Amino acid sequence: MVLIKVLANLLILQLSYAQKSSELIIGGDECNINEHRFLVALYTSRTLFCGGTLINQEWVLTAAHCNMEDIQIKLGMHSKKVPNEDEQKRVPKEKFFCLSSKNYTLWDKDIMLIRLDSPVKNSAHIAPLSLPSSPPSVGSVCRTMGWGRISSTKETYPDVPHCVNINLLEYEMCRAPYPEFELPATSRTLCAGILEGGKDTCVGDSGGPLICNGQFQGIASWGDDPCAQPHKPAAYTKVFDHLDWIENIIAGNTDASCPP
């Protein structure tokens with residue numbers, strides 16, 4: 001059964017699909033402390049519920065279904081228990097969605113741009129990740145990461161982010177297992193995973209990056225639950241297809257429209 005991988009109050013989608021806002025990495029290893037300077041953690045109260053990506057000193061890109069009230073954003077974090085000296089905290093100044101109705105049930109509009117309340121400073125553990133200069137290719141080896149669940153069946157969450165390498169697959173590989181959802185034949189969504197299973201994002205990883213050949217190509221969006229099942233890869237919002245919208249919003253054109 002597929003369900004939204006966020007918190008219960010995000011089930012406004014009225015779908016039983018696994019949106020990975022609460023997902024973690026399955027089948028990976030602890031990330032090196034120096035390999036995720038762009039990775040941010042989204043908190044509400046004391047709960048880490050999503051990831052995101054710092055794309056410049058003032059903007060974070062994440063999934064639309066990660067939107068919640070009272071979001072706090074931690075940058076430069078590795079261990080949840082032992083803070084880095086250069087960690088910084090911010091809150092959203094503005095949030096922008098590809099659809100004004102925030103109706104990300106269209107599957108390929110699960111993207112949110114957050115303007116921080118003040119710019120961050122680069123440091124040993126904080127630096128932005130550039131937007132992609134070209135689209136990704138099927139067959140690419142991609143890396144994804146997050147503080148999400150590390151067990152597909154148990155509520156086991158790590159202290160530090162986990163990283164895993166997965167493959168970029170044809171979109172149909174994500175569409176075919178779920179005929180009941182009548183997903184569109186084409187989509188601005190990337191499909192990534194390991195067909196034999198065992199490696200995947202999971203609950204708590206939503207909003208985090210998918211990096212293919214060194215470029216930021218995807219935002220963790222939805223997948224099956226339990227995670228990492230054979231022939232059930234996960235879906236990621238395609239960053240490249242939203243470049244014009246992202247760049248227009250950052251430039252101050254808040255009326256910018258999403259790609260059709």
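Glycine residues also receive a Cβ, built from the backbone N, Cα and C atoms like all the rest.
The active site, charge relay system annotation in Swiss-Prot covers H65, D110, S206 and rests on similarity to another entry. The disulfide bond annotation in Swiss-Prot covers C31-C163, C50-C66, C98-C258, C142-C212, C174-C191, C202-C227. The domain 'Peptidase S1' annotation in Swiss-Prot covers 25-251 and rests on sequence analysis. What Swiss-Prot lists as N-linked glycosylation site is N103, and the listing cites sequence analysis. Look at Swiss-Prot and you will find 1-18 tagged as signal peptide.
Features recorded in Swiss-Prot, as mapped to the structure shown.
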| residue | record | contacts (Cβ under 8 Å, 6+ apart) |
| --- | --- | --- |
| C31 | disulfide bond | H78, M145, V160, P161, H162, C163 |
| C142 | disulfide bond | P136, N165, I166, N167, L168, A192, L210, I211, C212, N213, Q217, G218 |
| C174 | disulfide bond | L183, T189, C191, P233, A234, A235 |
| C258 | disulfide bond | C98, L99, K109, H242, W245 |
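Fewest other C-beta atoms within 10 Å: among the disulfide-bonded residues C66, C202, that description fits C66.
Looking at C50 (disulfide bond) and D110 (active site, charge relay system), their Cα atoms lie 13 Å from each other. A Cα-Cα distance of 7 Å separates S206 (active site, charge relay system) from C66 (disulfide bond). Distance noted between the C-alpha atoms of C227 (disulfide bond) and H65 (active site, charge relay system) is 18 Å. The CA atom of C202 (disulfide bond) is located 14 Å away from the CA atom of C66 (disulfide bond). Taking the Cβ of D110 (active site, charge relay system) as centre and 10 Å as the limit, one finds 31 other Cβ atoms among all the protein chains shown. The CA atom of C66 (disulfide bond) is located 9 Å away from the CA atom of D110 (active site, charge relay system). In terms of local Cβ density within 10 Å, C227 ranks first among the disulfide-bonded residues C212, C227. Here the disulfide-bonded residues are C50, C163, and the one whose Cβ sees the fewest other Cβ atoms within 10 Å is C163. Note: the Cα of H65 (active site, charge relay system) and the Cα of D110 (active site, charge relay system) are spaced 7 Å from each other. Looking only at the disulfide-bonded residues C98, C191, the densest Cβ neighbourhood within 10 Å occurs at C98. Mapped onto three states, the DSSP output places C31 (disulfide bond) in coil. Per-residue pLDDT, averaged along the domain 'Peptidase S1' (25-251), amounts to 94 for this model.
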